[in-house]
């Protein structure tokens, strides 16, 4: 089953999503191009041609094609990928695609690993700076808070300047590595916390852009398995972080722990920068058109940009920062599902503060051994990934059997199962934490919790994406921002809650919250279509998408927003005209009666 895109993922291009939905793969090979006739050929000095060929992958074969257009400002040549284009990411060999998925997953693992590995050295941080537990816990919260803002910026920038520059080379993973290394040498708690926040913000680019790279390389028939492989990384990272961090923090200290995070991030950054090429088709074709225009003196434009108004970085950034919140607070489906996801996401990060209380303080375990308590969460995440591999096959079979487009609600069965597993696991954990109960019993409870968490998380994200398709990027950004806020806030009050209520009742509060959310997947599964048609943006998304399907054209999120606004204006105008006509008719009748 595909996540299309991942939990913390707004950068999956709305154009890619819409193309998939209307039946066009992102393999952009139309319109076809033929070799130019002699009268249309543009000769380039051999030396200059060689230079540009090496620097920008522009060869004479690209220029010697018969592109639609006249090469003028009014009618530029419209270029597209060639049938065997080496820069078309969807034509890469399968082994390369899967190698790149592995590297992307490793980058996300490095990012999320650093979010929780810090907890393994938190005792040493407290002693080193003579601070309270709450202040030290800010190191987790501020790091998790970073993805609230980072993806909103990196997503539009990646579509302007390319995945590679923004993702690994330009100002993100490289700078995150530097900040992580700087945290290892921090001389005060203030500098440590600031560096943790900056690392989380800037280093969050893989979380938002990695699913987009998968969408660039795989068509919709293959993307499900790739996303299943990738989707475990954002959850495995936080789970294995305390295991490694606990032993290293205990034996070598918190500075070496941050050194490990920096090394992990740095090695991943170098590997991804060296091996992963640029994959975003609109950016590749846009740069190719610019270089060909410089070479020949003619005007070239990418087919994907031909019918779009120019959009500046400031305009895209403004939309990226404002539109997600509009959708979050105006759409009940988006708000309810985002709250549910945020609660369980915050609960996962609360575990990093709660487990030391339960296992180290309650059972007398050491830091290193205490980190092994997260093994249950690791097992639960692995089970969820296996479950989704089977779910993806079930969904594909159902789609073939139906022979028609599936409804968004068909994505919800895993969420129904997961919504039951989460409270079961949390109640199990809560009431088996007594020292007299064997330690394996509460850890088994965390297996069910993590299993259900990932099932709910991935299924609801798929539901949102399929419900809003053309607005998916903004929906994912809103969801990412809200859950990051919850993930940052929950660990801050964990100790006070556990000290005040006791381990059993404090853990039960989270279970009761999860229990209260159980009806949501069931209600959406049964009444989701009726609810969506009454939601302004969901209904307009369906209308716009249906119109685009009938016209067989691709659509971006901006196109859809403009189309939706036109529909709303027309509907408002018709409503006002109808009201005015009714009022005029009423006055006419009144006058007739009086006469």
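Positions of Cβ are set from backbone N, Cα and C atoms, glycine also.
Unlike curated entries, TrEMBL annotations are predicted automatically.
Record features (TrEMBL):
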COMPBIAS  9-30  compositional bias 'Polar residues'
DOMAIN    100-529  domain 'Major facilitator superfamily (MFS) profile'
REGION    1-45  region 'Disordered'
REGION    572-595  region 'Disordered'
TRANSMEM  98-115  transmembrane segment
TRANSMEM  135-154  transmembrane segment
TRANSMEM  166-187  transmembrane segment
TRANSMEM  226-248  transmembrane segment
TRANSMEM  260-285  transmembrane segment
TRANSMEM  333-359  transmembrane segment
TRANSMEM  365-390  transmembrane segment
TRANSMEM  411-431  transmembrane segment
TRANSMEM  437-461  transmembrane segment
TRANSMEM  468-493  transmembrane segment
TRANSMEM  505-525  transmembrane segment
- Sequence-distant contacts of the transmembrane segment (411-431), meaning Cβ under 8 Å and at least 6 residues beyond its ends, amount to 1, 344, 347, 380, 384, 387-388, 391, 395, 441-442, 444-460, 462-463, 466, 503-508, 510-512, 514-515, 517-518, 520-522, 524-525, 528
- If one takes Cβ-Cβ under 8 Å and requires six or more residues beyond its ends, the residues near the transmembrane segment (505-525) are 333, 336-337, 340, 343-344, 347, 350, 354, 409, 412-413, 415-416, 418-420, 422-423, 426-427, 429-431, 433, 456, 459-460, 463, 494, 497-498, 531
- State, in range form, which of 260-285, 333-359, 365-390, 468-493 has the highest count of Cβ pairs under 8 Å to the transmembrane segment (437-461). 365-390
- Query: With pairs 6 or more apart in sequence, are the transmembrane segment (468-493) and the transmembrane segment (135-154) linked by at least 3 Cβ pairs under 8 Å?
  - Reply: yes
- Non-local residues, at least 6 beyond the ends, that sit with Cβ under 8 Å of the transmembrane segment (333-359): 7, 115-116, 119, 122, 137, 140, 144, 235, 238, 242, 327, 365, 369-370, 373-374, 377, 422, 426, 433, 439, 442, 446, 449-450, 453, 456-457, 460-461, 463-464, 467-468, 475, 478-479, 482-483, 485-491, 494-495, 498, 503, 506-507, 510, 513-514, 517, 520, 524, 528, 531-532, 535, 538
- Message: On the 0 to 100 pLDDT scale, where does the domain 'Major facilitator superfamily (MFS) profile' (100-529) sit on average?
- Response: 87
- Query: Taking residues 6+ outside the transmembrane segment (260-285), which of them lie with a CB under 8 Å of any CB in it?
  - Reply: 13, 15, 26, 28, 79-81, 87-89, 99-100, 103-104, 106-107, 110-111, 113-114, 117-118, 158-164, 167-169, 173-174, 176-177, 180-181, 183-184, 203, 212-213, 216-217, 244, 248, 302-305
